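Down below is the structure, laid out as C-alpha cells.
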Amino acid sequence: MTDNSKTRVVVGMSGGVDSSVTALLLKEQGYDVIGVFMKNWDDTDEFGVCTATEDYKDVAAVADQIDIPYYSVNFEKEYWDRVFEYFLAEYRAGRTPNPDVMCNKEIKFKAFLDYAMTLGADYVATGHYAQVVRDEDGIVHMLRGADNNKDQTYFLSQLSQEQLQKAMFPLGHLQKSEVREIAERAGLATAKKKDSTGICFIGEKNFKEFLSQYLPAQKGRMMTVDGRDMGEHNGLMYYTIGQRGGMGIGGQKGGDNAPWFVVGKDLSKNILYVGQGFHHESLMSTSLDASTIHFTRDMPEEFEMECTAKFRYRQPDSKVTVKVKGDKSEVIFAEPQRAITPGQAVVFYDGQECLGGGIIDQAYKDGKVCQYI
C-alpha cells in the first residue's frame, strides 16, 4: 500500500460541501492535508454582513472535524487585477466574458498554487469535477468528471501542463449525490449546505445593478435586422447573444407570435439587434475565430485537427475542425451552431479528454461576419 503521509496536499476550501469532501477523502487516504480558504472578493453587503466570514467559519468547522490545520489567504488584489479587470474590459467591449475560466487559470492554479508551495505543498487539490491521469511519459491528461451534469473541465480548459502536474481532483470519479452522501455520513458541518451558483463576486445581487456600479450604461436603439426600430435598449453590456426576453418588447409582433431574442450587437453604432424565433437566421453560424488558444499539453505551433467542442457550459459536444496558428484558431462546425457568443470559451475534447481551448472572438456564417459586435 502506498504511504501518502509524506505527500503534502494543500486543499482550496471554500466552505462548500465539495471542497469539504475533497479534504476529507485526502485525509482518509493518508495524505498530509492542509486546508486554505481564499478570500478573493470583499462581499460585505449593505448590512455589514460578509458571506466570506460565514464561509470561513464553515471551513474552520470542517477542518476541526477532520483534524487538519487551516489558513486563510487574501487574494483580493490579485483577483481584481487578473480577473475582475478582464471581466470589465470584456463587457466594455460588448462581449460576454466567463470569469470562472480566468479565475481558475490566474487565481486557483496560479496565485493559490504559488502560496501552497510556500506551505511545502507537493500538490494542490480543489473540489472540481474533473479527473487527471498521468501517462507512462509522465504527461498529465485532464479527463471529464464522471458526473456528466457536474463536469467542470470547461472551466479548467486554460490550465497548463505545469499546473495540471500539481493538481488533484479527488471528486472526479464521483457523482454529486455520492459527494453529499459522504459528507452526511461523516457528519460534516457543510453536508446540507446549498451549492453556490452564479459569478462569485456578484452572488445574490442583481447583475444589472452590480455592473452599473462599475460601467456607465449607454442607452441606444434596438432594431430588427431589416431596419425596424423597436425602441430603446438600456446598454449593450446588459444583453448577450441568444438571450430571450429582457428587452421590453414582448407585446410587439413582427408577423408571428414567436418570442424575441437578441441576435446581434453593433458596438460602434450602439445598436442592439433583435429577431423573432429561437433559430433566427442571424443567430446561426458555421465557424468562429478564437484567440488565447491554449492546450493542456505541448502541441505544434501550427496544425489542424478534428475533435469535438463546447461553446458554453453543459452544452452537448459538437463536431468541429480546428485550424491552429500560434495562439489563434479557426473552428469550423460540422453543423451550424446557435448563439456563438464572443467572450465565451470554446473548449476542445478528444473523447473524454479535455485538450484545451480559447476565447471566442468572432462568429461567421458561410464566411461572412455575424453582426455580433
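All positions are counted from 1 along the displayed chain.
Cβ atoms here come from the backbone N, Cα and C positions, even for glycine.
Within the same chain, residues at least six positions away from C103 (active site, nucleophile) with a Cβ under 8 Å of its Cβ are N40, Y79, V83, C200. The active site, nucleophile feature in Swiss-Prot is assigned to C103; the stated evidence is sequence analysis.
There are 17 other CB atoms within 10 A of the CB of C200 (active site, cysteine persulfide intermediate), with all protein chains counted. Under the DSSP three-state reduction, C200 (active site, cysteine persulfide intermediate) is assigned to coil, being neither helix nor strand. Residues annotated as active site, cysteine persulfide intermediate in Swiss-Prot, with sequence analysis given as evidence: C200.
The feature ATP binding site is assigned by Swiss-Prot to G12, M13, S14, G15, G16, V17, D18, S19, M38, G127, with sequence analysis given as support. Under DSSP, G12 (ATP binding site) is assigned to a strand (E or B) in the three-state scheme. Sequence-distant neighbours of G12 (ATP binding site) (same chain, 6+ residues apart, CB-CB distance under 8 A): S19, V36, M38, K108, F112, V124, A125, T126, G127.
If you look up Swiss-Prot, you'll see C103-C200 marked as disulfide bond, on the strength of sequence analysis. Mapped onto three states, the DSSP output places C103 (active site, nucleophile) in helix.
The site 'Interaction with tRNA' annotation in Swiss-Prot covers H128 (among others). Secondary structure from DSSP puts H128 (site 'Interaction with tRNA') in coil. Proximity of H128 (site 'Interaction with tRNA') to non-local residues of its own chain (separation of 6 or more, Cβ distance below 8 Å) is seen for D18, N104, G145, Q152, F155, L156, F169, L171, G172, given in sequence order.
Positions annotated as site 'Interaction with tRNA' by Swiss-Prot: Q344 (among others). DSSP classifies Q344 (site 'Interaction with tRNA') as coil under the three-state reduction.
The secondary structure of D18 (ATP binding site), as reduced to three states from DSSP, is helical.
In this structure, M38 (ATP binding site) is part of a beta strand by DSSP.
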